[in-house]
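See below for the structure under consideration.
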Amino acid sequence: MESNKYLEDIVSIKSMMRKSSRFMSLSGLSGILAGIYALIGAFVAHNILTTEQLTTGGARYASVVGLINAYLAHPSGTKLFLVALVVLVAAVVTGIILTIRKAKKHEEKIWDPSSRRLLINFSIPLLTGGAFCMVLLQYGLIGLVAPCTLIFYGLALINASKFTLGDIKYLGLANVIIGLISTQFIGYGLYFWALGFGVLHIIYGSVMYMKYDVKKE
């Protein structure tokens with residue numbers, strides 16, 4: 001009995017240390033919804049690309065500002081930008097709302113050293129990838145943008161997994177692999193985007209929801 005009590009204390013201490021160093025309030029449901037938003041966005045983008053011709057691809061620009069102006073000056077470019085923006089905002093807002101709700105439900109802090117470390121370690125590879133993709137577009141290498149977004153997003157998830165649910169690294173690895181594969185199928189980037197940002201997020205979110213959210217309820 002005495003030894004069992006010691007073991008329980010050790011397990012309890014390890015659990016407390018883990019919670020203090022990792023942000024554990026990520027919602028599986030937000031992953032599912034983010035995947036659904038991505039699939040809807042991919043469908044809309046596909047319709048835009050099949051009905052309208054975006055002619056700026058392949059051109060080179062003196063600066064990133066020139067690139068942005070050229071794309072936004074084209075009706076299709078503006079539409080695609082708006083689709084991407086709506087999907088991004090919807091996913092981020094949904095994630096924040098559901099994460100706050102989960103944190104309050106389990107009486108956990110939403111903004112503490114662990115969540116700050118998570119955000120910083122996620123943002124560094126993601127912002128680096130975003131900047132690199134802008135350079136690719138600047139030099140007309142539009143076919144490599146989709147693979148690079150998947151690869152850098154996957155690296156961001158892997159980097160962030162040390163400060164949250166460890167399972168997120170598997171989603172990151174899957175996105176990196178899909179991104180590398182998509183480099184061999186230039187022109188089909190939208191389909192790989194739908195697979196990586198859409199289907200994989202729905203699968204990951206469903207697994208995380210059943211593993212963490214349902215068990216805690």
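Heads up, the Cβ atoms here are built off N, Cα and C, so glycines get one too.
Per TrEMBL, the features are:
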type: TRANSMEM; residues: 23-45; note: transmembrane segment
type: TRANSMEM; residues: 80-98; note: transmembrane segment
type: TRANSMEM; residues: 118-137; note: transmembrane segment
type: TRANSMEM; residues: 143-161; note: transmembrane segment
type: TRANSMEM; residues: 168-186; note: transmembrane segment
type: TRANSMEM; residues: 192-210; note: transmembrane segment
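Within its own chain, the transmembrane segment (192-210) has Cβ neighbours under 8 Å at 26-36, 38-39, 42, 146-147, 149-150, 153-154, 165, 167-168, 170-171, 174-175, 178-179, 181-182, 185, counting only residues six or more beyond its boundaries. In terms of C-beta pairs under 8 Å, the stretch of 23-45, 80-98, 143-161 lying closest in packing to the transmembrane segment (118-137) is 143-161. Listed as Cβ neighbours of the transmembrane segment (80-98) (distance under 8 Å, sequence separation of 6 or more from its ends, same chain) are residues 27, 29-30, 33-34, 37-38, 40-41, 44-45, 48-49, 54, 71-72.
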